[in-house]
Each structure stands twice: as C-alpha cells, then as structure tokens.
Amino acid sequence: MDNGKRTVVVTGFGPFGEHTVNASWVAVQELKTLGLGNDVDLHVYEVPVEYQKVQSLVPSLWKQYHPQLVVHVGLSGMATTVTLEKCGRNHGYKGLDNCSFCPDSQCCVEGGPECIDSVIDMDSVCKRVTASGLGVAVSVSKDAGRYLCDYTYYTSLYLSHGRSAFIHVPPLDKPYSGEDLGRALRAIVLEMLDLLAQAEDKINCQHGH
C-alpha cells in the first residue's frame, strides 16, 4: 500500500423503524461514487441498527484499517440540515434496537468518561463548508441522540482517542437528495482531513525545534 495515502472509513446505517431506506447509507454510497481524491483510500460500511453488531464492528474497522479518520453517518428524522456532532455520550441508552435489545448497563463503556469530544473542530468545519457555497445547509450539535448513532460515535471516539466524527443527515428529499448529501459528505470529510493534517503539521513543527 502507498504510504502517502490516507485511509478513511465512512459508515452509514441500515434500515430501522419506518425508515426502510436509510438516507445515511444512501449518502455514504454517493460519497463512495464521488471518492475523496487519489491520495485517500476510502472504505465504506453499512452498520446494522444493533448495539451488539456495533460493539464488534467498530473496533474491527479500527484494527483492520488503522485509518487517519473514521466518520459515522446517521439519519435523524428531525434534522433539516446536515449536522456535525461534537461529542458522544456514554450513558442513557434505553431505546431498543432492531433486535429489541438495549445494553443492561444503558452505557457504551463501563467506567468510561461521560462525554468524549472529537479532536476535530466541528465549528471550523461547519464555517468552512458553509463558506464554500455548497448549497446544503450545515450545522453543529452537542447531542447525538442517545440511540445507535450516539452509541456508535462514543464507541469510536473512545477507541480512537477522539479521531472520529459523526454526521447526521435528514431523511431523503427533506429537503436534500442522496446526491446532495453525498456532495456534502465529500466536502465535509475533505475539510476534516485538512484540519487533521494542519494539526499534525503543527505537532511535527514543535517536535522539530
């Protein structure tokens, strides 16, 4: 594998409840079609809306790919914008998944911190993407909802020491098409990679003195 390439894993969720087509997976498939350029290896996965599958799949993605960044994309039935989530929460998981299961402890990682922030400055990503004239509204949130989205995000943040991101998308055509959402994901992920690269350059500069 070319060492100059950065590896990015992006996940969407499968169907759940009334959402027989999950906009998050449609958007991620559109992103895969668009790609992230020649210097990024992009891998996409559909995540079942099941706590136990998340518990096994998320660690396996980090172990298999050692990615620079993992971005999870989920559907929010209430969202009207593409929403960048700043943090994941450890407790409060009472909603049943597709297998009618929820963790007995109602938490992601027993003994883990209550909240883990992403190392990515979501406000900065939001401003930069909005300024690019994408035609898709982007906002920032501090509450990923205490369901599989939040659970997945916290699990990933815990494993990666914050090198993860979560993006909520609205249902298809409310108001954005799958193509619109795919374009938005591409712009957002590229900005995130840019910010991570800048942060690494700063660290390398400091180590060089």
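Please read every residue number as a count from 1 along the shown chain.
Each residue, glycine too, has its Cβ placed from N, Cα and C.
On a predicted model such as this, the values are computed, not experimentally measured, just so you know.
Straight from TrEMBL, the features:
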ACT_SITE  Glu85  active site
ACT_SITE  Cys149  active site
Rounded distance in angstrom between the Cα atoms of Cys149 (active site) and Glu85 (active site): 10
Local Cβ density at Cys149 (active site) - other Cβ atoms counted within 10 Å: 25
Distant-in-sequence Cβ neighbours of Glu85 (active site), under 8 Å, six or more positions away: Ser118, Met122, Ser141, Lys142, Asp143, Ala144, Cys149, Tyr153, Ala165, Phe166, Ile167, His168
